[in-house]
Amino acid sequence: MNTVVIVDCLRTPMGRSKGGAFRHQRAEDLSAHLMKGILARNPQVNPKEIEDIYWGCVQQTLEQGFNVARNAALLAGLPIEIGAVTVNRLCGSSMQALHDAARAIMVGDAEICLVGGVEHMGHVPMTHGVDFHPGLSKNVAKAAGMMGLTAEMLGKLHGISRQQQDEFAARSHARAHAATLEGRFKNEILPTEGHAADGTLFTLDYDEVIRPETTVAGLAELRPVFDPANGTVTAGTSSALSDGASAMLVMSEQKAKALGLTIRARIKAMAVAGCDPSIMGYGPVPATHKALQRAGLTMQDMDVVELNEAFAAQSLPCAKDLGLLEMMDDKVNLNGGAIALGHPLGCSGTRISTTLINLMEAKDAKYGLATMCIGLGQGIATIFERP
């Protein structure tokens, strides 16, 4: 079985979905820009040797339809011989794309794959065209399709207070802002063309979604949006709506060494798991336990953790049951998370993995975990190991 390694990882800046910098950029443009950018950073790689492109995307319609992976590859001018497939496991789509590519490499069906994901939530809203089967309500509560209400349920089950949520959200913005000021995102962001408020073209090289002015006191003034009468989840403690793409260059360790490329991380273990759709945000817990078991490791072995912040009310129960609450400032989402940066659905899996790998390098860490919840009750996890 071949060992799978990451030789590079990149992302676009995260743009605001409502009137943001990428309002005139299409999902294919963001994706093609990254495909070209990651190959330009690694000239040792002959594009003709890429076996396949695995690209995550949730809302596969409008500009993201008709296999956005292939459309972006053609737009990027990549060799027509390279295959391309768009992968959908809802919020875990691009992490699933990584898993699919890894397995192809492990069994020898590929030596090099290009992996990533995109979501332009400004152009293709999350609920666009969604039509749940009426019979689904026989087995699943209707509210299970409303992500904010599942976060409310999970938070209540675990006794997560409004104060805790507001503090977690403020932490996300503060850490993401500090990471920006200190240049900690510089190596993972590929500057990308966008449009300023006045319509002029400019190059965006920072995440415009972060709100550095966020405070716990300010968040406390917001009203609950999903359960106005009894809820605690607000817009401020939910992941921001944003547009973005992320990419990884993945290959066998043997191929990376033959090309003289630096191995940034190995894939140690992968897992997915299901959970009750009504508390879909709990998925990272069973998925992480599976991945740890497959890796022969424990949570204490993880030096750095990226836990996707769909909602504060969702992240905190997962952190609690994974034994991470006492280690937040040492291990978890050290550069902030999706509450500050946004959660462009199909992009987020490889986005958090990219941030994780950069953090592992900065901290000289051995093991890192990237994990996320998935709508309708799933979780996905990947354990990375540095050489």
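From the backbone N, Cα and C atoms, a Cβ is placed for every residue, glycine too.
What Swiss-Prot says about this one:
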ACT_SITE  Cys91  active site, acyl-thioester intermediate
ACT_SITE  His343  active site, proton acceptor
ACT_SITE  Cys373  active site, proton acceptor
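His343 (active site, proton acceptor) counts 28 other C-beta atoms within 10 Å of its own C-beta, drawing on all protein chains shown.
Of all Cβ atoms in the protein chains displayed, 32 besides its own lie within 10 Å of the Cβ of Cys373 (active site, proton acceptor).
Annotation note: the residue listed as 'active site, acyl-thioester intermediate' sits in a strand segment as assigned by DSSP.
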